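Just below is one structure, and these are the notes that go with it.
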Amino acid sequence: MLATTVLNKKKTAVNVAICGNPNSGKTTIFNAITGLKQRVANYPGVTVEKTVGQFRVEPSGPHRHRHRHGHKYAHAHGDEGTTYNLIDIPGAYSLAAFSPDEYIAARALFGDFGPETAPDVIVCVIDATQLERGLYLLFQTLQIGRPTLVALNMMDLAQRRGMKIDVNELSRQLGGLTVVPVIGSKGKGITELKQAVARLNEHASTADFDIYHPATIAVITRLEQLSGRSNRSRAEYLRVLFDVGGPAERQYLAQPADGAREALDTGRAELAEQFGSLTAAETASLTQTAAAIAAASVRIPATRETRSERIDRFLLHPVLGPVILVTLMALIFQSIFAWAEPVMRLIDQLFAHLGAVIGTQLPEGPVKSLLVDGVIGGVGSVLVFLPQIVILFLFIAILEDSGYMPRMAFLVDRAFRWCGLSGKSFIPLLSSFACAVPGIMATRTIEDRKLRFITIMVAPLMTCSARLPVYAIMIAAFIPHRPVLGLFNTQGLLLGALYLLGLVVAVIVSLILKKTLFKTQRGTFMMELPSYKVPTARSVSIRVFNRARQFVLRAGTVILAITIIIWALSYYPHSESITRDFEARRAAFQQEYAGEDQKALDARLQELGNEQAGAQLRNSYLGRIGHAVDPVFEPLGWDWKITMATLASFPAREVVIATLGTIYNLGSDPDHSGSLVEKMREARWEYGPKIGQTVFNPAVALSIMVFFALCCQCGATVVTIKQETGAWKYAVGVFTYMTVAAYLGAMATYQIFSRLWS
């Protein structure tokens, strides 16, 4: 039955937690409510990504208020000026956590991360086609004791399947709990859902259900009597009882009454003896009640094959399924090059023009060099690759929203099993193709500790979006474009091969870890296959926009900071003697060629300008360090400029492009404009037996790409591994084995292909 209604105190900011099973459409509803008003942070004390959005509520009554600038805002029931912070809780099937992700979800719902993130209202999203399963989580959520309502999502899908859901009867069966029918993918019911949140916040109420066995209720009563606390509901004591080691138990034992620990242990032992296990004591009551409520509220037609099942006959076919998967991935890699090239060329020209304009307006000196060579030449070189990043995230968002991604995990499960991974590893690994940090965090859904650790230690080998600019510039500049089979070309196939390289090495490393540090047993792979859905433009665009924004912000913060440091090391000490010497030589040339062909004079002066810029660069701190460490990387085919750009990229690998942009801008005549690709193609060895030869060629480009494919050049990834595993030894181990593999792989690549191309 529904408990007595209690009014909330007036709050200008209300935290609303939105929870639900995986694939229930929770994030789709979150995006529909908040739009682009989102921010990503971590929960206090843990590396758990927390997405928070804000919204306000249009009034359901006739009173509308306007902002002084004319923009509408509204409130519900006189709650003027209230801002609602919507917190996207990780998907979970149960609050009796079996995986780290579910444990984090339980802690977040209990407000265990502090009052600033504790929910005032909870929205439990339930898939209308899977009502019984969603009710299980709802019952556990109600035991938290927070005002809760239900967003019954995917009503259109339920209708297509012939299901008839009586929303009013469902609400009655739930003791009067508010149930709002929603179609999140189409935005239907979103306004009603926001208004229901506002009403529940103003007239807060909680629900208690007497659905447990009398033996369970007896244990709860003893705990209540022993505690003597009147502000904790019976539902909260149920979570204390069943969540062993969970946030509810920690709160209960934080200031325990005498005998509280003993009473809790005794009660759990009694229930475990009577029902066979403590888990059975909870699940028996919840599943029976969920089944009864679903039966009373839903009419289901005779079983018939669904559209998703018909599609799966082809996409999950033992032979056709893998072929379709490989073909799809190949087309994605081709698209990244083919679709992005025109926009990339336009951005490249824009930054080149911007640098030229600013360069003509400023006098020679460090300020001009910083802006043109450092900021524009460095950061601009990275932002050129934004179109490819957008295309990659576009495909990932479509795969996620369509429901195909879990099928991909199913298809690769058999191939993964023999090397110590499983289909459960696939989703974190696929997430790592965007960024290893969220990919490593996604391993929290893996219950088996050994399997989770193996997945964490190979996730950084997946080709993340930060590697894409390196591949793109090397392939575009030094790998010839030749058609293959009419549909593909050499550049796209090489990009696919680099993605495959990381995956193959990950399989080898997993096999080694399985046989040594983490000896695992073959287990059972179970994963829900959600219904296929047509991705909505709104949901996909929000995902892509947020990822693209993170890339741009990273370019404007981390990459900009490192670029400025690299510029300073490349510019100073600026030798006046070198400047005077070249000024004298320039005057001599102008006198010698006076009255002759102006083009010949301009060409000679440009050549002299390049020599002067190169001499200043070699004299700089960066040049001196580069020449000192150059012998270590010479077997890889690199000169000191490539070496220093690579070393500078260890905090964040995409910095290599910005560093090369800065170095080659400083190492050439400032009046000689041109793209980074052009300057790399024109680069010559300045010393040693290769003096005068071109620095870059296909063998060197392949060597660089292999190094970046295998090396762990990401400080955020290293820190995340430590925080997820709880020990620096795993983080250091990953960094070490990947760096060694990268060096040896790059050296072998250069030595082999340089002989083939010689």
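In case you wondered, yes, glycine gets a Cβ from its N, Cα and C as well.
Where the annotation comes from TrEMBL, it is an automatic prediction and has not been curated.
Summarising the annotation, TrEMBL assigns domain 'FeoB-type G' to 13-203.
The Cβ of ASN23 (GTP binding site) has 20 other Cβ atoms within 10 Å, all protein chains considered. Following the DSSP three-state reduction, the secondary structure of ASN23 (GTP binding site) is coil. Positions annotated as GTP binding site by TrEMBL: 20-27, 45-49, 88-91, 153-156.
For ASN31, ALA32, THR34, GLY35, the entry in TrEMBL reads Mg(2+) binding site. Non-local contacts of ALA32 (Mg(2+) binding site) by the CB criterion (under 8 A, 6+ apart in sequence, same chain) comprise GLY184, GLY187, ILE190, ARG538, SER539. Classification of ALA32 (Mg(2+) binding site) by DSSP places it within a helix.
Under the heading transmembrane segment, TrEMBL lists 314-340 (among others).
Feature annotation from TrEMBL assigns transmembrane segment to 375-399 (among others).
As annotated by TrEMBL, transmembrane segment applies to 453-479 (among others).
According to TrEMBL, the feature transmembrane segment maps to 491-513 (among others).
Below 8 angstroms of C-beta separation, residues 366, 369-370, 373-375, 378-379, 382-383, 386, 389, 465, 616-617, 620-623, 625, 648, 651-652, 654-655, 658-659, 662-663, 666 of the same chain, each at least six residues beyond the ends of the transmembrane segment (551-572), sit close to that stretch. The transmembrane segment annotation in TrEMBL covers 551-572 (among others).
For the transmembrane segment (695-718), same-chain residues at least 6 beyond its ends with a Cβ under 8 Å from one of its own Cβ atoms are 436-437, 440, 460-461, 463-464, 466-467, 470-471, 474-475, 477-479, 498, 501-502, 505, 636-639, 641-642, 646, 649-653, 656, 680-681, 683-685, 731, 734-735, 738-739, 741-743, 745-747, 749-750, 753-754, 756-757. Feature annotation from TrEMBL assigns transmembrane segment to 695-718 (among others).
Taken from TrEMBL, the feature transmembrane segment covers 730-753 (among others). Distant neighbours of the transmembrane segment (730-753): 453, 456-457, 460-461, 505, 509, 635-637, 698-700, 702-704, 706-712, 718-719, 721-722; these residues of the same chain sit at least 6 beyond its ends, with a Cβ under 8 Å from one of its Cβ atoms.
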Check: Cα distance, GLY35 (Mg(2+) binding site) to LYS26 (GTP binding site), nearest Å?
Finding: 14
Next item on the list: Sort out for me which stretch, of 314-340, 375-399, 491-513, has the most Cβ pairs below 8 angstroms to the transmembrane segment (453-479).
Entry: 491-513
Next item on the list: Could you tell me what the rest of the chain brings near the transmembrane segment (375-399), counting residues at least six beyond its ends with Cβ under 8 Å?
Entry: 332, 335-337, 339-340, 343-344, 347-348, 351, 354-355, 358, 405, 408, 430, 433-434, 465, 468-469, 472-473, 535, 539-540, 543-544, 547-548, 551-552, 555-556, 559-560, 563-564, 566-567, 654-655, 657-662, 664-665, 676
Checklist line | Pairwise CA distance, ASN31 (Mg(2+) binding site) versus ASN23 (GTP binding site), rounded so that it is a whole Å | finding: 14
Note to self: Taking only same-chain residues 6+ apart in sequence, whose CB is under 8 Å from that of MET154 (GTP binding site), what do you get?
What the structure shows: SER24, GLY25, ASP127, ALA128, THR129, ILE183, GLY184, SER185, SER531
Checklist line | Cβ atoms near THR34 (Mg(2+) binding site) (within 10 Å, other residues, all chains) | finding: 21
Margin query: Looking only at the domain 'FeoB-type G' (13-203), what is the model's average confidence as pLDDT?
Written below: 79
